[in-house]
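Asks: Grabbed the feature section from TrEMBL, which reads as follows:
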type     : residues : note
ACT_SITE : LYS125   : active site, charge relay system
ACT_SITE : SER200   : active site, charge relay system
ACT_SITE : SER224   : active site, acyl-ester intermediate
DOMAIN   : 72-522   : domain 'Amidase'
Amino acid sequence: MLCTMQPPRSLSRFPSNPIFLLRHHTSLKTLSSLSSHPVTDSTLTGQSQSHSSQILKARHALLSRQLTATQLAESFLTRLRLTEPSLRSFLHVSDTVLRQAQDLDDRIGRNEEVGPLAGVLVAVKDNICTSDMPSTGGSRVLEGYRPPFDATAVRKIKELGGIVVGKTNLDEFGMGSTTEASAFQVTANPWDISRVPGGSSGGSAAAVSARQCMVSLGSDTGGSVRQPASFCGVVGLKPTYGRVSRFGLMAYASSLDVIGCFGSAVADAGFLLHAISGHDTLDATSSKQEVPDFTSHFTSINLLESKPLKGLRIGLIRETLDEGVDTGVTTAIRGAASHLEELGCSVSEVSLPSFSLGLPAYYILASSESSSNLSRYDGVRYGNQVAADELNALYGDSRANGFGHEVKMRILMGTYALSAGYYDAYYKRAQQVRTIIQKSFKAALDEHDILISPASPSAAYKIGEKKNDPLAMYAGDIMTVNVNLAGLPALVLPCGFVEGGPVGLPVGIQMIGAAFDEGKLLKVGHIFEQTLKDCRFVPPVIDDDIDVAS
């Protein structure tokens, strides 16, 4: 499949050198084993890198001593400083990045063991707790709050050598699809700064797209990783519910929330997921399912067979290409389906009659859970306190001043749905619909290995275009919410462009798998992106004349 909407663009970040050429395949286990030996130029002889992986490029550069961790960190911080005034991806940037990088350089200089994420700059969505930086959830009610602990996912990244570069912007407490509902600032899309980056993890997606960091963490309750990934032209991975610990993630809708991963390549999303997955005694909903090596099947394009996905059964969800989906998006998805057929897949349309029921059921369930979860922000247990003469006024004023309009609206909707006389009509019925959706996905995945659909009905739209029309904004989540209701994993990666902006706007394809089958999604996605010809997803906000590795 050829992508001709946008000419190829180069991104100069690492010095040109044959050492970065890909010949074989590697895994996180291989990376980890490298760190137990003295670091020399020959350490990586015979090893290889996955296609376009920022993580593997960085590790190779460090262990071969072509670059220092400090040089890498400075290059990304330079990029961040240049692009941040127009993008506003970050709410807080760490002031210890260079110090951590220098500590890593010292360890490498002493030939000490370093972790598989050593030197990797990771951005973290600001509803995921970090002990050394503010964690506001994008809300005034938590302005200035510094948790006394790291979220489990953040702790695991740090233990493996990753460096948290900063906290990214989001819709307040994850409630929104544009990042316009942040209490602090509006993030812009790197492909066109007059457009939204998606939401609620818009800051994390924009940061990866603009190469302000290597990878990032987001959260996904109804599509908050996948829709921004599509809008910003990056890879977004929503794992199976329970695959990643939710400890330290500020609760929005506890039965739907998951922590997800962003990367500029499928391999990077896979490496990051591998790092943060696993059972956690601090989260009763985290699964004890064994964590496989998700990256063991990442193979260079040079080693692929002519039909590398022969025999794979793909189901194109018919309802996701109906009326209401932009023509350009439909064309891009059908083109991606044709490309999968070229790779050996058998692609057929599959009908999920319950698909349209997911949107109303999701908003009832998510709003109901949020009305309960956000009750803790009362100015006493959590949240900034407003002075008052009596307790009820303190509660009311603290919440009224701390919460934004969207959060207040969803709390009211959820409280109404749970109230006496309405519970059966709304909440109970939505739970019944959820069961129907789960059964329909299971039936479809019994007949197909992977289901595909657009990640959003449209490409990124203008800032302010839907801010005053919440129903239109909610409708944009129709492609993603069903996956959360079913608790399934899904991968979004760019597959083409539609007209708009300076050079076109990216479109993402969503691949949905069976529970705990992230490995299959990553394998298919990795092959898909390697074989997508003449299609480079590098946004125009990046100035190619700047060598951020210098």
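Quick reminder: no glycine exception, Cβ is built from N, Cα and C everywhere.
Structural setting of the listed features?
Replies: Within 10 Å of the C-beta of LYS125 (active site, charge relay system) we count 32 further C-beta atoms, all protein chains included.
Within the same chain, residues at least 6 positions away in sequence whose Cβ sits under 8 Å from that of SER200 (active site, charge relay system) are GLY138, LEU170, ASP171, GLY174, MET175, GLY176, SER177, THR179, ALA181, SER219, THR221, SER224, PRO228.
There are 36 other CB atoms within 10 A of the CB of SER224 (active site, acyl-ester intermediate), with all protein chains counted.
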